[in-house]
Each structure stands twice: as structure tokens, then as C-alpha cells.
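J.: Quick one: the structure is below, questions incoming.
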Amino acid sequence: MRELNELKHLAIIMDGNGRWAQERGKQRVRGHEKGAETIREITMFCSKSDISFLTLYAFSTENWKRPKTEVDFLMRLLSDYLKKEAEVYLKNNIRFKAIGDLSRFSSRLLDEIETLTQKSASCSGLTQVLALNYGSKDEIIRATQKMIEAGVEVSEENLSRFLDTAFAPDVDMLVRTGGDYRLSNYLLWQSSYAELFFTPTLWPDFTAGELAIQIEEFKRRKRRFGGI
């Protein structure tokens, strides 16, 4: 009997917050608030499983194009999330990491990101990663520049060492909520052999129960990694 696949790194594109709110006659920001609650539910579910890394697409390099009022709200929401969740992370042995080009964020937000990163550094359970001002193409360019500056040979192995996610294994399973069928410039290098799952469920409505069903399907799939 074939062994079930091992899921160590789960990545999620959390899509559908705005549409969730609009369908209910609410402002888009209300969808982001509800989406933050879903982050908490999914993170706690993963922390109680064998998953080692959960990487969430929280804010892309393209999201700056949204209305300033929405971007400002997202920054405040992120700040509130980092402060409110700190105790939860530590209590549940969850390590926090952030990836992306963080230089565009305010010094206050950077301090909050660094504070939670340092406080949770010794946690040995799930590592929750927020992709912030993240774009995969941008990440690969930055990694290549670092390789050149370090004077090392440009190779697949070396590039992986200089990516934002150098601390984590490649993605095993990638889920996108919201009904669209695209990767949106997310973890393109790391997801080369990831199993992809797309669901019409909007992120605020996504549950640990639905994720559990997808994980069972993942475990049954045959991962060939280019072989037969």
C-alpha cells in the first residue's frame, strides 16, 4: 500500500475578503476583519496537526494599487493582529516569521513585526509565515542580487539559500480560496512541485473543516516530482 504524502509546508492565497463584504452590503474592510478571524482558525488548526510551516499571502506588492483608505485600514489591521495574537502565538508554541520586501512599511509596523518575530523565535511548533509586500518575481530578483553581492555561483541550490523562505522547505500544498485559478505571483519558485487546490469558498467563509478535507485529498494524490 502506497504511503500517504507528508504535508510539512502549506501555503494559502487568502482571496475573497472584499467580495464577501460586498455580497453582504458591507464595506470591503469588514471582509478583511472577518478574514483575520479565519487566519486565527486556520492557524490554530495547523498548529495542532503535523504541519510545520503555514505561509499566508497577506499583502502583495500589487496591493498598494488599491484605494489608499483600504491600504491604510489593512496596515492598521495588521498592526492590531500582531499585537493581539502575540500571546496566542506564545501560548501555543507558534513561531512567527514575515517574508517580502518589508522596507516599504512604517517604522512602527516594522518594530511590531520584529517584536513578535523575536518573542516567538524560541517556539518549536508551527511556524506561521505572513507574506507582506510580497511578490515572487521581486523575491527572486532580490535573491539573485544577494547571490551576486555574496560572490557565489548562480545555481538553483544557492538561489534557494537566498530566498525569503530559506528557513522553510518547499511548498507541498497550495490552496487558493475565492474561486480564481491562478497563483498571482505567489511562491512561484517554492511551489514548483506543490499540489494545487482551488475552492470557490471566499476566505472569510473558509473553515478548518474544508481544509481538513483538502488535506485528506492531498495525502491520496500521487506526487511524481517529474518522474513516472
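Using the three backbone atoms N, Cα and C, a Cβ is placed for every residue, glycine included.
Checked Swiss-Prot, it gives:
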ACT_SITE  Asp15  active site
BINDING   Asp15, Glu195  Mg(2+) binding site
BINDING   16-20, Arg28, His32, 60-62, Trp64, Arg66, Arg176, 182-184  substrate binding site
ACT_SITE  Asn63  active site, proton acceptor
J.: Three-state secondary structure of Gly18 (substrate binding site) from DSSP?
T.: helix
J.: Of Asp15, Glu195, the recorded positions given in the record, which has the fewest other CB atoms within 10 A of its CB?
T.: Glu195
J.: Compute the C-alpha separation of Asp15 (active site) from Thr61 (substrate binding site), stating it in Å without decimals.
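T.: So the alpha carbons of Asp15 (active site) and Thr61 (substrate binding site) sit roughly 15 Å from each other.
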J.: Which number gives the other C-beta atoms within 10 angstroms of the C-beta of Trp20 (substrate binding site), all protein chains shown included?
T.: 25
J.: Whose Cβ, among the recorded positions Thr61, Asn63, has more other Cβ atoms within 10 Å than any of the rest?
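T.: By the 10 Å Cβ neighbour count, Thr61 comes out on top.
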J.: Identify, in sequence order, the residues in the chain of Arg176 (substrate binding site) that are 6 or more apart from it along the sequence and have a CB within less than 8 Å of its CB; answer 'none' if there are none.
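T.: Ile12, Ile13, Asp15, Arg182, Leu183, Ser184, Leu196, Phe197, Phe198, Thr199 - these are the non-local Cβ neighbours of Arg176 (substrate binding site), listed in sequence order.
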J.: Tell me, if you would, which residue among Gly16, Gly18 (binding-site residues) has the fewest other CB atoms within 10 Å in the structure shown?
T.: Gly18
J.: From the Cα of Gly18 (substrate binding site) across to the Cα of the residue listed as 'active site, proton acceptor', what is the distance in angstrom?
T.: 13
J.: Quick check on the binding-site residues His32, Trp64, Leu183: which one has the highest count of other Cβ atoms within 10 Å of its Cβ?
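T.: Highest number of other Cβ atoms within 10 Å: His32.
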J.: Can you tell me the CA-to-CA distance separating Gly16 (substrate binding site) and Glu195 (Mg(2+) binding site), as a whole number of Å?
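T.: Here the two Cα atoms are 21 Å apart.
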J.: How many Å separate the Cα atoms of Glu195 (Mg(2+) binding site) and His32 (substrate binding site)?
T.: 27
